[in-house]
Amino acid sequence: MNNVIDFWPTLKRLLYYGTNVKKYLILGFTLLLFSSIFEVLNPILISCFIKHYFINNTVNYSLKIITYYLILQILAAILNYHQNIIFNKISLTVIQKLRYDVMSSTLQLPIKMFDQRPIGQFISRITNDTETIKELYDTVIKSLFQNIILILITLITMFILEWRMACIASIIFPIALIIMLLYQYFSKPILRKIKVYIANIYNIFNEIINGIDVIQQFHQEQKFRKSIKKISISHYYFRMKILKLDSFLLRPLLNFCSTLILCGLILIFGIYPIGFFEIGTLYAFITYLNRLNEPLITITSQQSIFQQAIVAGERIFEIIHTPKQQYGDDSLHFREGNIKVKNLYFSYTNNNVYVLKNINIFIPSKQFIAFVGRTGSGKSTLSKLLIGHYPATLGKICLDERNIQTFTHNVLKKNISIVQQDPIILNDTILENITLGRNISTKKVLKILKTIKLIQFVNSLPKGLKTLLGENGNILSIGQKQLLSIARTLISCPKILILDEATSNVDLDTENNIKKILSSVKHLTTIIAITHRLSTIKHADNIFVFNNGEIVESGTHYNLIRKKSYYKNMYYSQAIKN
């Protein structure tokens with residue numbers, strides 16, 4: 001029974017989006033009302049035509065009735081055309097607002113959401129689910145209102161014409177209600193599973209497109225074909241279940257019930273003496289029963305679309321209602337850029353399995369600091385905490401003697417920048433990839449390109465800064481992408497600069513270039529380099545060595561090399577390999 005009841009909160013939220021287009025809704029429903037009235041009047045006119053032409057033989061009056069009938073048909077067609085335009089406009093406006101809201105909420109979600117969920121799930125909800133809700137507005141709501149009006153007017157007319165026959169015809173309503181409730185109960189869990197499989201299909205295609213080089217290199221095509229086939233078969237299975245449910249509970253069952261009621265009407269007509277019911281009245285009732293049957297069939301058959309929209313709404317509102325990334329309200333910018341981490345513990349889950357344990361460090365401003373350690377030792381995790389993506393489980397992080405959790409998003413964004421191992425390059429110009437829409441002069445951009453030694457390459461391009469870089473910067477080498485990523489961070493003059501494995505994928509020349517860049521900006525910003533390449537951080541002011549989520553030692557390169565240390569073993573082991 002819960003499946004029948006729990007759609008109301010979601011439906012109310014979906015209908016609330018229509019309040020922004022109240023005027024259009026009122027106009028659309030008004031046009032629907034009049035077009036429905038005109039449609040209901042047509043059988044009465046035909047009934048009168050039969051009476052006056054075939055029985056009373058009054059030709060002139062019959063011609064008038066035909067004229068009225070044609071006028072009503074034309075008016076109904078005009079009104080239907082305009083209300084279709086209006087409801088399509090309403091649905092597009094509502095979906096535009098809904099997509100904006102879900103996209104806006106997605107942009108503010110905690111980073112852990114993207115770490116824990118496949119990207120395909122988000123794409124499915126933003127595209128496929130919102131398109132499903134569009135059908136709720138341009139098909140279901142319009143049709144529901146129109147058919148309810150048709151049913152009410154038809155019923156009133158039937159009771160005015162002949163109440164006995166009307167009572168028999170009304171039996172169809174409780175039957176239709178039972179069918180709708182049964183359909184709703186059985187269809188909702190199936191539709192939820194269909195949505196999950198659609199999201200999985202989006203996700204696997206996203207993986208294939210983004211990782212096509214690796215898939216082909218390691219001959220994994222067959223594995224992904226099997227994955228697609230498995231998900232597609234599951235999707236097909238549940239689609240067929242819903243189609244079978246539609247085929248049994250919707251149109252066929254209602255048609256059968258309607259036929260039984262029609263037999264009942266004919267039986268009543270036959271039981272009463274000849275002349276008790278006019279032949280025109282019987283014709284009108286047969287017509288009205290069909291008119292009743294069609295709206296009820298439409299309403300029940302649209303239960304599938306309605307249920308899909310409710311399930312899609314639940315998935316969308318789950319994103320919208322997810323607590324956003326939490327920031328404080330301290331809008332005072334950094335003065336220096338020093339960092340203090342005290343008694344810090346961190347776990348990605350709530351099971352007390354800490355990936356960082358008892359971290360205590362102090363980093364003075366404008367120093368070059370390095371975090372080193374083997375893969376999985378906790379270096380990059382600490383960087384995520386330093387930029388505010390995750391809160392500490394225990395302990396605290398202070399920037400400029402203030403708790404990081406008190407800062408606004410804007411302050412953190414302007415004062416802390418990070419260069420990732422795999423730079424994200426937009427399908428835009430070089431200029432836009434550096435400025436990212438910020439109000440930065442071309443002169444300043446050229447200056448930073450000169451600093452990172454990309455100016456010669458940019459000047460060699462026919463369009464210079466206006467050159468389009470293509471999908472993920474496909475006209476650039478890996479080293480050039482990384483230098484461009486460094487340029488976009490340095491141009492905003494951050495107080496703290498974090499380089500997370502920024503040199504791991506570049507050649508030796510680019511690595512040396514990056515070292516020179518860091519040396520030139522060292523007096524302007526606090527630099528934290530997270531790296532496996534120990535040769536790049538030999539001149540760091542302090543090196544923190546991580547192992548199993550703990551800092552096991554710290555000091556300069558030369559101090560750590562002089563004594564028997566974990567760092568020394570790492571350094572010489574790497575030197576021998578090189």
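Using N, Cα and C of the backbone, Cβ positions are placed for all residues, glycine too.
Under the heading domain 'ABC transmembrane type-1', Swiss-Prot lists 25-308.
The transmembrane segment annotation in Swiss-Prot covers 26-46 (among others).
According to Swiss-Prot, the transmembrane segment annotation covers 59-79 (among others), on the basis of sequence analysis.
The transmembrane segment feature in Swiss-Prot is assigned to 143-163 (among others).
Summarising the annotation, Swiss-Prot assigns transmembrane segment to 166-186 (among others).
Residues 118-121, 123-125, 128, 224, 227-228, 231-232, 234-235, 238 of the same chain sit 6 or more residues outside the transmembrane segment (196-216) yet have a Cβ under 8 Å from a Cβ within it. The feature transmembrane segment is assigned by Swiss-Prot to 196-216 (among others), with sequence analysis given as support.
Summarising the annotation, Swiss-Prot assigns transmembrane segment to 260-280 (among others) and lists sequence analysis as the type of evidence.
The annotation domain 'ABC transporter' is assigned in Swiss-Prot to 339-573.
As annotated by Swiss-Prot, ATP binding site applies to G373, R374, T375, G376, S377, G378, K379, S380, with the evidence given as sequence analysis. Taking Cβ-Cβ distances under 8 Å and a sequence separation of 6 or more, the neighbours of G378 (ATP binding site) in its chain are V355, L356, F546, N548, G549, E550.
Apart from G373, R374, T375, G376, S377, G378, K379, S380, the ATP site neighbourhood in this chain, defined by C-beta within 8 angstroms of the site C-beta centre, holds T381, F546. Taking each of the binding-site residues T375, S380 in turn and counting other Cβ atoms within 10 Å of its Cβ gives the largest count for S380.
All protein chains shown were included, and the count of other CB atoms within 10 Å of the CB of K379 (ATP binding site) stands at 25. Non-local contacts of G373 (ATP binding site) by the CB criterion (under 8 A, 6+ apart in sequence, same chain) comprise K379, V545, F546, N547. Counting every protein chain shown, 13 other Cβ atoms lie within 10 Å of the Cβ of G376 (ATP binding site).
Reduced to three states, the DSSP call for K379 (ATP binding site) is helix.
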